[in-house]
Amino acid sequence: RGPVWVLVVGLVLLKLGIFLFADRVVFSLGTFKNISLAENATVQAVVSRIPAEVAFLILQFHTQQYNITLSFSKVPTLSSSHTAVDSGLLSPLLITQTSLDWYLLSPENRPLTSVGVILAYGSSDPVPGGCSGDKSFDPSVHLQYNLFVTTVTIAPANAGYARGAVLPTCNATRGPSARLEYHVYQYFLPEGDLSEQSLLSHMQAVASVASMTAHGTKLITWAASEKLSASFKSVPGQGVIYSVVVRDPVLNASASYVPVHTYACSFSSTLDSCMTIGKVSTKIFFTIAGFAGFFVCFFGHQFFKCELFCLGHAFAAVVFFVLITRTTTLEYNLRLALTALVGVVGGVLLVLSWWRFGSVLCCVLVVGLTMGFLLAAAFFFTPVGELLIFRSGAVFWVTFGGIVLLVPLVFVRWPREGNIMTCGAVGAYAVVLAVNSYAYTSLSYITLDILKRFLNNNYSRTFTSMPFQDIDYIMLTVWAVLGVSGVVLQLHRERTRPFFPPSPYLMWKQERERRKTNVLDPSHHMPSLPRRLQHWLLGAFHRKEPAGEVTPLLL
């Protein structure tokens, strides 16, 4: 009976322990754990056996779209907790402290899936957010975004110190914290991947100093005396992780702030959700533009009036969209419809101007400006556009405008070749934009960046780095192949034809003058159009009288 009673008591104690510690998770330093929170549950995170050389700990938890609260106490207070999708707390350790615990809960009373880690730092490592201005520490990267820019801000760090030591003074001009450097890193998630699993797995890859410096891209470096805030380009639907690594160059030590992520869109919005970011109206608009661009790419110069209509449509649509967006608050679909309508008017006006005046110079001007816009936008899409000098709005727009105006001057010397090159480049890029409305590609931001600068006065101060992944290389190849093929085909086909087709109106005037002077031409004796219309109307309302014999003749 003895072993039976021991077994029964053991099972009871085991169930009692499971009940008591069901909401208690034991962490190891530097090891990630996936935590699932129930609606009204509170989970206690515990770490023990902390080495004596550890001076402070940073606990960070990450979710995809819903806030999670970290707290030093079971009942969170404003000064002892932090609530965010990328939440973090910093705990300085006492001299004899070997264990620590925190509490996790869902502030919105909904189930949560998160990943967390506890990182340990020594006495020589800088303290992220150690000079936040109050008695608490703020190791988080604070992020705000809109359609155009994403802004990250951090609290100043303090120099490292041992357990129980007096905190170094927080002085940005002199003192230990004045020597600190801040490096801002960026890490792009896979394009088009909005899954929770992808975010949590990649967040694990960049949570520490070593992993972020190995996988991320360093954008800027702040000195301690600078404003610890920077703006970057928003890419709605593209996941991005930002982190800041603070470094002490004297002690050669570093520490990482809590990384933060953004998709520059909302998962909870019913209208512009991240999941429905591609509007049907946008897809229809750019699908039509893609088919028109494909036609222009291979047949634009041959069907000159069709090319003029398409380029005039694009030119007028861009100008009108910028104006209506800056001056009104109309809904997006209405603005897009009005833009398409004004684009049609612009295309018709350009065709009519060619039909009436036949001025090659006027048409080459519009064609050259369109090509110049695309070339200038592509120039600033390269790493050259990241130079600090171009963050000045005046320098940027002067350079951009110079490139745009230079292209029409070149086209005046070689109008046919310039027109065919524009057909190939612009037409192929329209195909890329059409593909972008279904499968995201960074190449769409070649022109979208310029539109954002037109629409947002502060956009020039943002960093505009973009991910360049497999689909971007594929679309760049498609653009190059289509453009080169279209240019070569049209140059070969047009080599024996006149540079430009003659103006229809001028041809009609010449034909009219020829008929007036050439009496042998049968059309010379033809009545004018008004007389022919008058004769037809009179014949429709008057019965012809019979002339002569109407009965059959007997042979």
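Numbering starts at 1 and runs along the chain as it is shown here.
Here the Cβ of each residue, glycine as well, is placed from N, Cα and C on the backbone.
Within the chain, the transmembrane segment (284-301) has long-range Cβ neighbours (under 8 A, six or more residues past its boundaries) at 307, 310-311, 314, 336, 340, 416, 419-420, 422-424, 426-431, 433-437, 482-483, 485-486, 489-490, 494. For 284-301 (among others), the entry in TrEMBL reads transmembrane segment.
Annotation comment: TrEMBL describes 287-491 as domain 'TM7S3/TM198-like'.
Same-chain residues lying 6+ beyond the ends of the transmembrane segment (308-326) with a Cβ under 8 Å from its Cβ atoms: 289, 292-293, 295-296, 300, 335-336, 338-340, 342-351, 354, 363, 366-367, 369-370, 373, 422, 426, 451, 454-455. The annotation transmembrane segment is assigned in TrEMBL to 308-326 (among others).
Annotation comment: TrEMBL describes 332-352 (among others) as transmembrane segment.
Annotated transmembrane segment per TrEMBL: 359-382 (among others), in sequence order.
Feature annotation from TrEMBL assigns transmembrane segment to 394-414 (among others).
Per TrEMBL, transmembrane segment is recorded for 426-451 (among others).
Listed as Cβ neighbours of the transmembrane segment (471-491) (distance under 8 Å, sequence separation of 6 or more from its ends, same chain) are residues 191-192, 294, 297-302, 417, 420-421, 423-425, 427-429, 431-432, 435-436, 439-443. According to TrEMBL, the transmembrane segment annotation covers 471-491 (among others).
If one looks beyond the transmembrane segment (426-451) by at least 6 residues along the same chain, the residues whose Cβ comes under 8 Å of a Cβ in the stretch are 191-192, 233, 235, 237-238, 278, 282-283, 286-287, 289-298, 300, 311, 314, 318, 321-322, 370-371, 373-374, 376-378, 380-381, 385, 400, 464, 466-469, 471-472, 475-476, 478-480, 482-483, 486. Outside the transmembrane segment (394-414), and at least 6 residues removed from its termini, the chain residues within Cβ reach (under 8 Å) are 361, 364-365, 367-369, 371-373, 375-376, 379-380, 450, 453, 460.
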